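Below: one structure, written as structure tokens.
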There are 2 protein chains.
Amino acid sequence: MKGSLLIISAPSGTGKTTILKKLMSDIEGTVFSVSHTTRSPRSGEQNGIDYHFVERDIFQKMCADDEFLEWAEVHGNFYGTSKTEITRQLNDGLDVFLDIDVQGARQVRSSEDLQSTSVFIIPPSWQEQENRLLKRGTDSKEIIELRLANARKEMSDAPSYDYLVVNDSLDKAVEALKSIIIAERSRQRRGPEGKPLSMPPMS
Amino acid sequence: MKGSLLIISAPSGTGKTTILKKLMSDIEGTVFSVSHTTRSPRSGEQNGIDYHFVERDIFQKMCADDEFLEWAEVHGNFYGTSKTEITRQLNDGLDVFLDIDVQGARQVRSSEDLQSTSVFIIPPSWQEQENRLLKRGTDSKEIIELRLANARKEMSDAPSYDYLVVNDSLDKAVEALKSIIIAERSRQRRGPEGKPLSMPPMS
């Protein structure tokens, strides 16, 4: 059986990374998609595992060939998700996570090539989210203010997602996400007119 | 938060009763709807727990008043699911199971009063299902043939359901159903035009 493509987005400071890390160790048959990027590898990053590191002209050719499910430019570097790569993983029966922001999610949802299910993780409150960003201790007050403003803006995309998971406790959020993944394996996929795409064979 | 209304249907011999029994002991916040019926209580059956036992004229008045989400006549007795009762349970935040057949499921899905999610449980194969019916030892060969013929007819409704759960192992089937229930608690409910009905409040 083909796997599911799962978009996971969350405003920064929501605890997404912690949730996904715990989730991946709890459930089998799931993988992250490996993005293509034009930026240089950082120390310890491996080609094909952390990213597919490609030259700018290759990336631009892939873009022109409509090879990306979604792509974006961030600080002068390009990042993209290859359709071929994801299709191969889905055909292997793997559930593929796309850890992308609301703009990327919009591109993926509008794709006619691949069906996806989307999950938006939200913090229990703005106060809690500010506390989490402060606790990280990595950002200045100004950066935190900027992140919070961005988070509020991203929240306005939440209604477009299939599922909303509130991260009020790590265990509950992981259980909700795990349940969504398992439930999606039993969900009947439908074509454009609402007709089921396939039925499991009965012998 | 309001609970979900979950339709569970399965051809006879699929193992639905065993699955639901295990499921109910595994997960909190779920209840079965209690149907109204005009048949007499059997030994040990309690009014308000197994059924709401009502006189025929009361049932007919409820029918005329559009009080039932679905109803049916079986062997001269009437059975129905009261909208008021289910709405009260859903408003209490409970997830309500409707253990009904494909005809009942069609009525519930077409209701404009209540949104529902539907699950169809299927046996791993026809052979396995015949084995299960034979193993029960309660029915004659003719009755089993009739049940199997009915099961095949009911299977043709499977594509109308939101989820298909294959009962190839009890534990897996229970896990799938449990995941569907938990996932539905995070699913965004949408109105007729696909607009989300509500967002959780953020303070």
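Each residue, glycine too, has its Cβ placed from N, Cα and C.
According to TrEMBL, the protein carries these features:
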type    : residues                                                               : note
DOMAIN  : A:3-182                                                                : domain 'Guanylate kinase-like'
BINDING : A:Ala10, A:Pro11, A:Ser12, A:Gly13, A:Thr14, A:Gly15, A:Lys16, A:Thr17 : ATP binding site
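Taking the mean position of the Cβ atoms of A:Ala10, A:Pro11, A:Ser12, A:Gly13, A:Thr14, A:Gly15, A:Lys16, A:Thr17 as the ATP site, the remaining same-chain residues with a Cβ inside 8 Å of that point are A:Ile121, A:Pro123, A:Gln129, A:Arg132, A:Asn167.
In sequence order, A:Ile122, A:Pro123, A:Gln129, A:Asn150, A:Ala151, A:Arg152, A:Glu154, A:Met155 are the residues of the chain that are 6 or more apart from A:Pro11 (ATP binding site) and have a CB within less than 8 Å of its CB. In sequence order, A:Leu133, A:Arg147, A:Asn150, A:Ala151 constitute the residues six or more apart from A:Ser12 (ATP binding site) in its chain with CB-CB distances below 8 Å. Taking Cβ-Cβ distances under 8 Å and a sequence separation of 6 or more, the neighbours of A:Ala10 (ATP binding site) in its chain are A:Lys16, A:Phe120, A:Ile121, A:Ile122, A:Asn167. Each of the binding-site residues A:Gly13, A:Gly15 was scored by how many other Cβ atoms lie within 10 Å of its Cβ, and the smallest score goes to A:Gly15. Fewest Cβ neighbours within 10 Å among the binding-site residues A:Thr14, A:Thr17: that distinction goes to A:Thr17. The average pLDDT the prediction assigns to the domain 'Guanylate kinase-like' (A:3-182) is 91.
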